[in-house]
Every structure is written in C-alpha cells, then in structure tokens.
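As given in Swiss-Prot:
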- 21-84: region 'COMP N-terminal' (REGION)
- 85-124: domain 'EGF-like 1' (DOMAIN)
- 89-100: disulfide bond (DISULFID)
- 94-109: disulfide bond (DISULFID)
- 125-177: domain 'EGF-like 2' (DOMAIN)
- 134-149: disulfide bond (DISULFID)
- 178-220: domain 'EGF-like 3' (DOMAIN)
- 182-195: disulfide bond (DISULFID)
- 189-204: disulfide bond (DISULFID)
- 207-219: disulfide bond (DISULFID)
- 223-265: domain 'EGF-like 4' (DOMAIN)
- 235-251: disulfide bond (DISULFID)
- 253-264: disulfide bond (DISULFID)
- 280-285: disulfide bond (DISULFID)
- 290-310: disulfide bond (DISULFID)
- 358-393: repeat 'TSP type-3 4' (REPEAT)
- 385-405: disulfide bond (DISULFID)
- 394: phosphoserine (MOD_RES)
- 491-526: repeat 'TSP type-3 8' (REPEAT)
- 518-739: disulfide bond (DISULFID)
C-alpha cells in the first residue's frame, strides 16, 4: 500500500469516526461517494498545507506511513478511489538552496550554501568581516550571504572587492595601491618645489635645485630674486631673502655658502665663513682660516692665519699640540710645577693640581686655589653658596645651604641630593607635572599650561602663558600693542600696530629684534652655551671615562675630546617652541660611534636625542641586555624609569625601543653613517605645544636626511644641549637657537592625514 493511499484510508476513517454516517447503498451511492471524495480531497489539501509549514508533523506522518507499510494494510474497498505517495523531501525540509536527498531513513540535507553555516536544515549567515578581508582603514560590510568592502581610502586606488564565505575572505584580500600624487599631479605643492610621495599621501619639500623660495611664497628660478612678500630680492643667487618682524628684508646665504647675503662664497666646512675672501667688509666675508675644519670663532692664537682648529702648532712655540701642555699659550720650556696636565704658562693654579681648570668667577684663578670661588667677596669657608654669588647669605630652611644655591630652599636637605639632575632636590621633588613642561606643579608658574621657559615678564608669579596681562599695565594682552612692556597710554605714532615703547625691540632687552634670538623674551638674547650642566649617563660604569667638554666662540661652539661614556652638555636656558641648528663634524678617523644633540631636556631621565652612528656594532657589555647599534641618524624619546646607569646606557646604544627606557621615533631609512672629517648642518624644529618635531641634515648644500613631521608630546619643552657616546674629537660649531612658537605649515597637513 502506497503512503498516499494509506493517508487516504486514514482520512476516510476519520470522516466516519466524526459522525458522517454510513455509506448508503442503492441509487444514491454515486452522488454520495462524489461528495465524500470531494470532501476527502479538501481534507488532503489541508494536510498537504500543514505538511509544508510544520516539519515535525511531516516527520511524524512519514513515520506513520512507514508503519502502515510495515503493517501490510490493504487498499480501501471503496471503488474508484486512488492515492498518491507523499514525498520525503517535501518543500521546506532543507534550507533554501540546499540539496535534499531521499534515503531509507528519511530526507537528508546537504551542506549549507557558501556564506552560511549549519546542518543544512538550518543555516545562519557567516560574518566574513571577522576575517578582515578589506584594506586597512576601509569599512567591511557583511551581507547575507557574503560581504563587500567600501572604496579604497584617499591616496589609494583599487577595484571593488566582494565575496562569499570565510575561506574566500581569508585568502582574497582587498588590494589598494598607493597613488603617487607627485607623478599624477594630485598634489598641491607649489610649482618647482620638491614633492615627496608617502604611503597614502605626499609631502611638499623645499624648492628644487635652481629655484628659491618656499611653499608659502612659491619657488622662483634663481636669478628672478623674489622675497617672500613678492618684491624683487636684492640677495645673492645663493642667498635667501628673509622677511623680518618689522617688515624689513635680510639676506642669508644658503647652506653650504657663506658671506653677507649680498655676496656668498662656497663654505666647505659649514662654519659660516667662505673658503675664499669675498669683496665685502663684514666679518663673515673673511677667508676661512680652516677651510675643512669648522671653527666658527676663527680663533688663531699665534696669528699665523691658520686657525687653531687646524694648526698643528696652534701657539707657534715649536711644540706640536699633542705634546704641548699649553697648546694655546706659547711655552717652549713646557714648565709644569704641579705636574698636572697644564703647563705653568696656562695653568690657573700653578701650585695645585686641577686638571679641569674650572674657574667659576672667571677671574683667572682656578676654583682649586681660589679662596672666593664665586667672587662675592665672601670666603669659601664662610660662604653658604661657594659657587653662586649671594651677598645676603640667606638660608630659609637653616640647612647650611644658602637659598641662592639650595635645591630645596624651604626644606632641610644639607646633602643636596638630586638623582635626576633637574635642580630640584630629592627631598622636595614630587615629580608631579600635569602639563608635562618639566616643572613640577609646586614650582610651575602655570601648572596647567605648558611653558617650559617659565617666562614672567611682570614678575607677578604668574607665567606669561597663563597671564592675560603680561606686563601688568592694565591693558589686556589681546589688545595691548606692547604686550611685554608697560605702556598704559598705548602710544603708536606711526600707527603700525606696534607701540612706541617696544618698537624695534619688542621685549625691551636693549637687543634689537633683528638680532635677538628670542625677541619676545628679555631673558634670552644670544646663543650661549658657556654656562652648561654636565650630565653623565653612566656614572657607575667603568667601561670608559667621562666626556671632556671645551666651549669656544663665546658659547657658540663645543668640542668633546675624549672617547667617553655617554654624556650630555646641557645649556641652562629652557625653551617652549624652538629652532636649533648647528654644524656637526667628527675631526678624526678614529672610532665609529655616536654623536648628536638633545632638546626638550627636563631631567636626566626625560629628553629627546638625535644621535648618529657611523657603523653597526653590538655594545661590548651585554649586561643588563644585548644592545645593537645600527648606522644612521636616529631620533629617540628618552623616558627612563631608572635614570642614568647601565639600563639607560644600553638602551641609548640600541637602535630600537627599550621598554621603560627609550622609544625610537624615527630612523633615517638610508642607514648611512657619518663620514670622517666631514661637516654636516642640522636644522631642528620643535613645537611642544602640538608635539611637532622635524629634523633635517645637510652635507654641503645637499639635503641628505629629513625626518619629515614626527608628532610626540612626551616632553612639552625643555633645554638644549649636545650628546656623545664613545666618540672622541667631536665639533659642534656655529650653534644657533631661536625661540619660535609658530606652527609650521606641514603640521596641519600631517595631522589631517593621520585623522
């Protein structure tokens, strides 16, 4: 008996059981049978509809049918009645699109279609986006089934991408190719300037060779001579026209050239003096007395027209410098009464050894034999600040250390211990600095506004950075035409917007703005590293000796003579925004290690360093960890949890990140070391208020390395200095710094690209 017939018999039996009555005999049989068959067919239609929507009931009926076959039930005796078999793979048995197979045990569903997971009967959508099939920064949209990726991000191109299933998503990634905007013309660099393609974007650089100007004023072919304001330039073809604060124009010879700007000659060693004399009268027009060795002070003790920096017998006494115990003072007899490193002719303590020749008050008498080291007319034995002039000898905390030199003037600490070299004694050093400018909150005149310079023009205890009336003249800074100089009347005879009281000298420090390195800070007027702090970064190590620093050219040149442990020479002036430049030169063919400079120095655990290694080398002391130095220029942020010592020493040597010590912010991808006896000019821009850092290096007139924009806010300002590590005979010449809080144009472009 077929399953359909069995169902028919069951339906007829059900009809009779519900009181439909017996089938009558006789002449009325045919109509009655017809009606019952019609009713039966209607009932079967209901059953079929029920089978479509209820899978469980279908399964039950299938099992019932199979049981009917097993019981051997006979066809109904009703004449003329036929039945059809019920299909095992009824509609809805399997998920749409899944193959259904009839078996002896019932219907069997095949696998779920691509993009779904389940048993074939029930399938759910797979989220292919979890496999990250799209290009970074591109949104993935999951669909049912499959996925698709949105368009490639700005700066990239590529086809649309979509697919179905995890396997496809894992093995087929969206491909977006960098657009070279410099080749396609999709950039906004001014004509005749350098366009540098970057991943997903581009950067605009200086003018191309043969052109002068910048991205703001445009690049004109040399010979056209235009100034930034568009006026014809009076400068030499190798000079740049600079627009000063007062609107006047100045001419400055380009890197690799020297002179007065109206005339420029080749400057091989980049010390600011031309190789040959120029036909102009200014000092910088004179012939360089050491053409290949930078000596920005042009010192020449024996006046033989050969500078001391390159004269094998600088003092002309017949004794070579290497053997001369007074290389800069003529002393052919080489007499040395106290047997130190210095002959009597140049020894500031002839009868007492003092190799350091330190002379705090610069009176010609070394500290080692001077009974009044600071020159305040109080003998050392009675002076509570023997190295700092303090006539009043005040000592607020009574610890025997005068307030003028006490690193905790309100707290008893006679030992003056200061492990992090920040001039705040450990006894009162909280290390709480919420604005990150290097001044702890209790000593910061603007605790919540970064102002590393701590400038306070009206000396009211409130820093200019958070004072709305810097000069305390009753006129708010926002409308004061002399913000730093009291002028309540606001006189301005020429009506140029700058008050008469500060015309030409904005900070009234008696140094005109044109030559003032910080025209808005009366405390800083000229570049000067004559007073500096020595910081030894591995004080306990015995691998090498400490650095030996020599300052020349009235504080604008520093020489380090020894193969030494890592160390710093740090100036005392702190800066907010700053431009820092100088000439770097290793004047020897001996060794191949690190030299560089620092900025943002806040303490011996917190500073930025730009350092250059000549050759790859593993540090010779593997304790506390192996450190490998790679050749090339590196920019690092130092935030050491231990401070000076072997941990920081090895972290500085290592090219890369070291946890809790050093982060590598940028490395010159050329991996090129410095060359022996070759001069390089660096230019640093630091704007701590936004974290902007950019450093460039020139070899002669050619740009050889450019970090482009680096953003980091670990140090919100600080002091400047120079750095050495295991390298002798380093010269930092023609040093210049300048206060500058103006945000460079490329900062905004970089910020938008990152966003």
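Note: Cβ is positioned from N, Cα and C throughout, glycine not excepted.
Overlay of Swiss-Prot feature records on the structure.
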{"residue": "89", "record": "disulfide bond", "Cβ contacts under 8 Å, 6 or more apart": "100, 101, 102, 107"}
{"residue": "134", "record": "disulfide bond", "Cβ contacts under 8 Å, 6 or more apart": "140, 149, 150, 161, 173, 174"}
{"residue": "182", "record": "disulfide bond", "Cβ contacts under 8 Å, 6 or more apart": "189, 195, 196, 197, 202"}
{"residue": "204", "record": "disulfide bond", "Cβ contacts under 8 Å, 6 or more apart": "187, 188, 189, 190, 193, 194, 195, 196, 215, 746, 749"}
{"residue": "207", "record": "disulfide bond", "Cβ contacts under 8 Å, 6 or more apart": "192, 193, 194, 213, 214, 219"}
{"residue": "280", "record": "disulfide bond", "Cβ contacts under 8 Å, 6 or more apart": "259, 260, 262, 263"}
{"residue": "285", "record": "disulfide bond", "Cβ contacts under 8 Å, 6 or more apart": "259, 260, 263, 274, 277, 278, 279"}
{"residue": "385", "record": "disulfide bond", "Cβ contacts under 8 Å, 6 or more apart": "374, 393, 401, 402, 404, 405, 406"}
{"residue": "739", "record": "disulfide bond", "Cβ contacts under 8 Å, 6 or more apart": "453, 517, 518, 519, 520, 521, 524, 575, 576, 577, 578"}
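Here the region 'COMP N-terminal' (21-84) has a mean pLDDT of 57 out of 100. Counting in whole angstrom, residue 310 (disulfide bond) lies 49 from the residue listed as 'phosphoserine' by their C-alpha atoms. The secondary structure of residue 310 (disulfide bond), as reduced to three states from DSSP, is coil rather than helix or strand. Residue 253 (disulfide bond) has 235 as its nearest neighbour among the recorded positions 235, 290, 394, going by CA to CA distance. Here the Cα atom of residue 251 (disulfide bond) is found 10 Å from that of residue 264 (disulfide bond). Cα spacing between residue 94 (disulfide bond) and residue 235 (disulfide bond): 86 Å, rounded to the nearest whole number. Helix, strand and coil residue tallies for the domain 'EGF-like 4' (223-265), in that order: 0 helix, 17 strand, 26 coil [DSSP]. The separation of residue 264 (disulfide bond) from residue 235 (disulfide bond), Cα to Cα, is 9 Å. The list of residues near the repeat 'TSP type-3 8' (491-526) in space but at least 6 beyond its ends in sequence, with Cβ under 8 angstroms from a Cβ of it, reads 244-246, 248, 250, 453, 455, 457, 480-482, 484-485, 573, 736-739.
Residue counts for the domain 'EGF-like 1' (85-124) by DSSP state, with H, G and I taken as helix and E and B as strand, are 0 helix, 13 strand, 27 coil.
You'll find the Cα of residue 264 (disulfide bond) roughly 55 Å from the Cα of residue 394 (phosphoserine). Listed in sequence order, 93, 94, 95, 98, 99, 100, 101, 119, 120, 121 are the same-chain residues at least 6 apart in sequence whose CB falls under 8 Å from the CB of residue 109 (disulfide bond). Between the alpha carbons (Cα) of residue 290 (disulfide bond) and residue 394 (phosphoserine) lies a span of roughly 50 Å. Taking every protein chain shown into account, 100, 264 are the disulfide-bonded residues, and of these the Cβ with the most other Cβ atoms within 10 Å belongs to 264.
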